[in-house]
Ligand SMILES: *Cc1c(COP(=O)(O)O)cnc(C)c1O
């Protein structure tokens, strides 16, 4: 019923990608990152599959996402990666047994004050090892860490930092960040658990693995590494963006298609109209020639992407027509390819898909 455009997500592929992460970082615990609605895949669904498949913890961006996980029945530790935005949130953090990644001295003081022995707050301390976004400085980190580790109101998880250039693993900047975090840990009398690696580091920088790895993108089957595809890394796309052809048009040589001057036929062209567009998160920056599959055969888009419609070339696919299945993103059209065409990264392609798309889980 209704518009045939939909997102279909595969539990099997998600569990497979988690297994790839587990195999690559077999000595580390895994905090699966499911912020931004699990990179557009559906937060509750993805977390349910990941918990069942052996994830040890979850990372989210804000308390609202943490609350959704608890309401969905997730029992693993859940960490809010930017900590709280206002001390008011601490009440819900404690009531729902959520964890915090603390990056600011005020957050640290609030937790030391509010945490109780009966319900200690799970905490990582974020250290700025070179990203210069969030985190306490490496110089100040040992003092904060010692106080947190000693506090009975804190369930101490250790030091956490984030890598700025892991997508280009050969960059020496990466080794500098790894060293920095290890040096801070070495200043603590009892040492402490460490967490640094995102997907790219998990896949390409084994020295960065430490105690907790934090994969996000790779779980969803896309490659975080420049110049390497998800398939080359053994990953499977989890999400299929699908629709059907709702009309077939015939262009004569010289005729223009759609808005503006996106495409002009040089010879007779058979066009399929697909009811999905930038209003669904399919990027308008994609130009004529973007790969797409119709009836599981490769072809290309034509002209400008509209808000609710996109055109596909059926000239070489005479057997396809109205009602043919169209794959715009998925195993046959990886997010990396769309990202390149739209001048962005696979992250933005995936988490840009809109909720107005019908969702089917399997
Ligand atoms: C988003 C995020 C991750 C996961 O990054 P990927 O590149 O998607 O693997 C890990 N850690 C932190 C702090 C993050 O914000």
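Using N, Cα and C of the backbone, Cβ positions are placed for all residues, glycine too.
Residues annotated as active site, proton acceptor in TrEMBL: 35, 259. According to TrEMBL, the feature N6-(pyridoxal phosphate)lysine maps to 35. The substrate binding site annotation in TrEMBL covers 133, 307. Positions annotated as domain 'Alanine racemase C-terminal' by TrEMBL: 238-362.
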Neighbour tally for residue 133 (substrate binding site), based on other Cβ positions within 10 Å of its Cβ: 11
Residue among recorded positions 35, 133, 307 with Cα closest to the Cα of residue 259 (active site, proton acceptor): 307
Predicted model, mean pLDDT over the domain 'Alanine racemase C-terminal' (238-362): 97
Inter-residue C-alpha distance, residue 307 (substrate binding site) and residue 35 (active site, proton acceptor) (nearest angstrom): 26
Distant-in-sequence Cβ neighbours of residue 35 (active site, proton acceptor), under 8 Å, six or more positions away: 59, 60, 61, 65, 81, 216
Helix, strand and coil counts within the domain 'Alanine racemase C-terminal' (238-362) (DSSP): 17 helix, 44 strand, 64 coil
For residue 307 (substrate binding site), the number of other Cβ atoms found within 10 Å of its own Cβ: 12
Number of Cβ atoms other than its own within 10 Å, given for residue 259 (active site, proton acceptor): 12
